Structure formats: C-alpha cells, structure tokens
Amino acid sequence: MKILVAVKRVVDYNVKVRPKSDGTDVDIANAKMSINPFCEIAVEEAVRLKEKGVATEVVAVSLGTKQSQEQIRTAMALGADRGILVETDAELQPLGVAKCLNAIIAKESPDLVIMGKQSIDGDNNQTGQMLGALSNLPQGTFASEVAVEDGTVNVTREIDGGLQTVKLNLPAIVTTDLRLNEPRYASLPNIMKAKKKPLDTTTPDELGVDIAPRVQTLKVEPPAERSAGIKVADVAELVDKLKNEAKVI
Amino acid sequence: MSILVIAEHDNASLKGATLNTVAAAKAIGGDIHVLVAGAGCGAVAEAAAQADGVAKVLLADNAAYENQLAENVAALVADLGKEYTHVLASATSNGKNIMPRAAALLDVQAISDIISVESSDTFKRPIYAGNVIATVQSSDAIKVITVRGTAFDAVAAEGGSAAVESIDNAQDAGVSSFVGEELAKSDRPELTAAKIVISGGRGMQNGENFEMLYKVADKLGAAVGASRAAVDAGFVPNDMQVGQTGKIVAPELYIAVGISGAIQHLAGMKDSKVIVAINKDEEAPIFQVADYGLVADLFEAVPELESSI
C-alpha cells in the first residue's frame, strides 16, 4: 500500500518566539527552522510500516515556500521514497492546506495518510480532521498505536481520560501523538541519498484549490508577564506563605 | 445571533467543561442551544437544560453517537450548524477531534482554543506554545470554535429551565467503529478542573516515587499531573501530562516538583494563580515563573511538605 505523509516547516521547538514590537507578526526572520516534531513522528511511523512490509511506497508532501524542500529532503533522508512540494508564498491556514492535500489524495490515491496532530507554531490541531471531512475518509486522531490489518487500521488514541481504540476502514487519515514512536536520526549516507530522490513541485493553482485565508490575524502580542516571585528558605516558610500570604491552602 | 454549544459528556453525566464553553457563548451573546449527542444520554440533556443561560437543549440520542466517533458526530454538528452563527465546543480531546471535521464540512476555517471573546467575530488565542497571543477575526458566516475551559468561568450548573427537544437525525458514516477503551481510574479531582495541582517531572526518578505526590495531593484535595519527561519515562500514564500537547490547567495553586520548566510544559500551566517550584537546580527555568521557589532535594522537601499541611 501507499502512504502519504504530510510534513510542515516550523520554527524549531527550542526557540522562544516573540512578537514584533509593532504587533504585526511574530519575529522569526532569523530563527532556526525544523520539521515539526509531530510530522517527524508521522514520517517515522510510515517508514516503520514500510520496513514491516505493510507499505510499499512512502510519499512526503509539504506546503509552503521553496524552503520547505528542506523538510521534504529530511523526510526522504528518514526513509520516504519521493516528495511533493505544493509551493506558495501565500499565508496558509488549515482549511487551505487540507484542500490541497485532498487534491493530492485524489491524484495519488494513498491507502493511508499520516500526519502530525498539530504544528507547534499555529497550535491549531485541525488539518488532519479537515482532510478527513473533505476526502470523506475516517480519522484516527492523536494516535499512540497504529495496527494495519486486512483493509482496516486499528488506531489507539490518546483521549482525556486515557486511551481509546477505534477501527477504521482504509483508506484513512491518522494523526500522530508524541508517544506513537521515537523518530530515528538521519544518517549522513541517507542524507546524501535523499538528494537524489525525486521531488515534484506543484502549486495550489495547479491543484485547482483556493487557499485564501478566512481568518485574519489583527494583532500579535506577548502574554501577560508574571511578576517575579521569591525564593523561600525551607518547607516551613513555604507552607506559611501558602497559608497566610497567598491563602491557597 | 444564535449559538450551538456541543456538550461534553460520557452519556451519564455532563462534564464541567461544557459550563465553561456556555460562558464563552454568553460572552458572544445570543440564543444559546446545547447539543447532546450520545446514546442513552437523557440525563445529560436534563443537566444541560439546568445550566444558566441555555435556551434550548437538542438531544440526539442514537447508537451512532454512543462513542462520539468523529465521522458521525461531525456530520451531525455540520448538519445542525447551518442554522447557527456560532458553533462552540470545549477544547478537550473530543472537541478537538470533532470540530475541525465539522468546520471543513461547512467549508469554514475553525478557530482553536480561544481564551477570550473580543466581539462576535474576533477572538484571542495562544500560538507558539503560549508565547504569543494572537487576535484573530473570522470572515466566515459560521464561526466554528473550540474554547479553552480555564480561560472562562463556568456558568452556574443550576437555575436554568431550558426545554429539551429530541431530534431525529442519525448520521452513521459506517467507516469507523469503537473497539475499546482504557480509562485511568482515580478518586482525585479531574486535572483540568482541580483547584490545586501537584505535578512531578523527571526528577521523581521513577513511578513509585509519585506516591509521595499522591499523599500530598490527598491531603490538599489536589489532582496530580506530570511533565512530558515523566510520562515518556513511563512513571505515569499520558493522560496526566500537562503542557502544550497535554492538558492545559490554570488552578489556584500549581506545585511543580522536579520539573525544569521547558517551554512546552509552561504552555500548560503558566496561567495558574500561584506557582510553587521545588527543584534542586536553582538555575531551572521553572523558577522564572514561580511565585514561591524552594531550592531543595524533593525527596526531603515533599515528605516534609506532606507532614506540615
């Protein structure tokens, strides 16, 4: 079977992002960029399914500027067979991304789509679910375990109270949670090999998709600062402060 | 304006998060209807009808909705949602699973995890793990929104007297089925609603040592949380994780024990009223947000804390 994996280029998770002082945008001009951690887990899962003989081909797709090629190459260095870049300089929102991915599903007919549960920049947690709706395919979100068997996939999901398992007919959409797997590191020979793997480029226009944003960001600002606290000398002082100063116990 | 709020429930009882979401709906203003979709969930509808500010409860009682499968419930929400200007749900795992799917069926861009209502089309929400607050305005005719419960004070659970209307609308996509679930059992309060939370991190060293935190929690009537490091190391189950990708809490008192305070953890707890950090590393970033910091070995400090409260 064929697996489609969606990957996103985001600010590295260790970078503390700040808004620009005029409040128009976040300041990420010189920030280190990486593949979104949840997307990395999605790639790893797809590659593992290939190694188990379940999948025959893994296709990595990304949407964004030309630089998103780097994240597709990363996915190929981790084991994806080929890549597709939907290139655009326009602002992307989950609905537009899901529409582009849906157009790619129509062309590629994958049996399984694996993607991260959320990107760590927008924190939307929407694209996989929206893709499920547009493609009319079932969804297994926040997956911590994925088991493919005879035309179905069992997905164990992380829910608020614990874990839940659902059975989905293939093709299906799966979004990954952190505990699905531990992604491997790309070795230098694999990074070199990835440079030779095919990478096709298309655009939202070529896919016939309107990605015009529906939600406008009016302003970005830093969250309210917490005033500096104090250090206490021992447990007795701590308990005293909590009882008599903060009055929370 | 008319607002549809999707009730969060387990077929037996209405979850508190729904009352916070109704509060967000009141801030938008307009007629508020609550949808209870489930199976054998009549008691939930009765409870929702008593919530302050609710004008009507729609009860979709059907086997297809028993386990809140996204394929079925989202189709129902999208179908009913056409009649409303706003469709709201709590930003719980269930709300996050269903609402974007419903939004795409309605061809609108959903807005996740709002923390304030500026006007009927403008909302604030955190991005970049809570390091940036964005004010966003939707141009869609129907606003599909998930609400961060800790950012809105719950409406009163009693006092309302809305009519309950049963609706006959069975959406069964037939492409997914429920296999089973494994829910953590605990007598302690629910993490996202607790007034006091005590959390452990990698510094706890193993799962058995969490017993120390449970003892303190039981004395304080607190819930117990954890950092990702503690969950990944297998000390505690993942539903205890507090952070960007776990649960968001904002209790009166948050006690972080053996937690360094990575960006991703702070995203889940830095709106707590009072933060206490107990850590032996005085350089740990957690001390930058803690109101009261204690630099000490947790294996001495926590038992001492337990005996002195």
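Using the three backbone atoms N, Cα and C, a Cβ is placed for every residue, glycine included.
As given in TrEMBL:
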type	residues	note
BINDING	B:Arg202, B:227-228, B:241-245, B:258-265, B:Asn279	FAD binding site
DOMAIN	B:3-182	domain 'Electron transfer flavoprotein alpha/beta-subunit N-terminal'
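Chain A lies within reach of B:Gln244, taking the binding-site residues B:Arg202, B:Gln244, B:Ile259, B:Ala262, B:His265 and requiring a CB-CB distance under 8 A. Among the binding-site residues B:Arg202, B:His265, the residue whose Cβ has the fewest other Cβ atoms within 10 Å is B:Arg202.
The Cβ of B:Gln244 (FAD binding site) lies under 8 Å from the Cβ of B:Ala129, B:Gly130, B:Ile263, B:Gln264, B:His265, B:Ala267, B:Gly268, each of which sits 6+ residues away along the same chain. Residue with the densest Cβ environment among the binding-site residues B:Ile259, B:Ala262: B:Ile259, by other Cβ atoms within 10 Å. In the predicted model, residues of the domain 'Electron transfer flavoprotein alpha/beta-subunit N-terminal' (B:3-182) average a pLDDT of 97. According to DSSP, B:Ile259 (FAD binding site) sits in a coil region rather than a helix or strand. When secondary structure is read from DSSP and collapsed to three states, B:Arg202 (FAD binding site) falls in the helix class. Annotation note: B:Gln241 (FAD binding site) sits in a strand segment as assigned by DSSP.
Cβ neighbours within 10 Å of B:Gln241 (FAD binding site), excluding its own Cβ and spanning all shown chains: 27.
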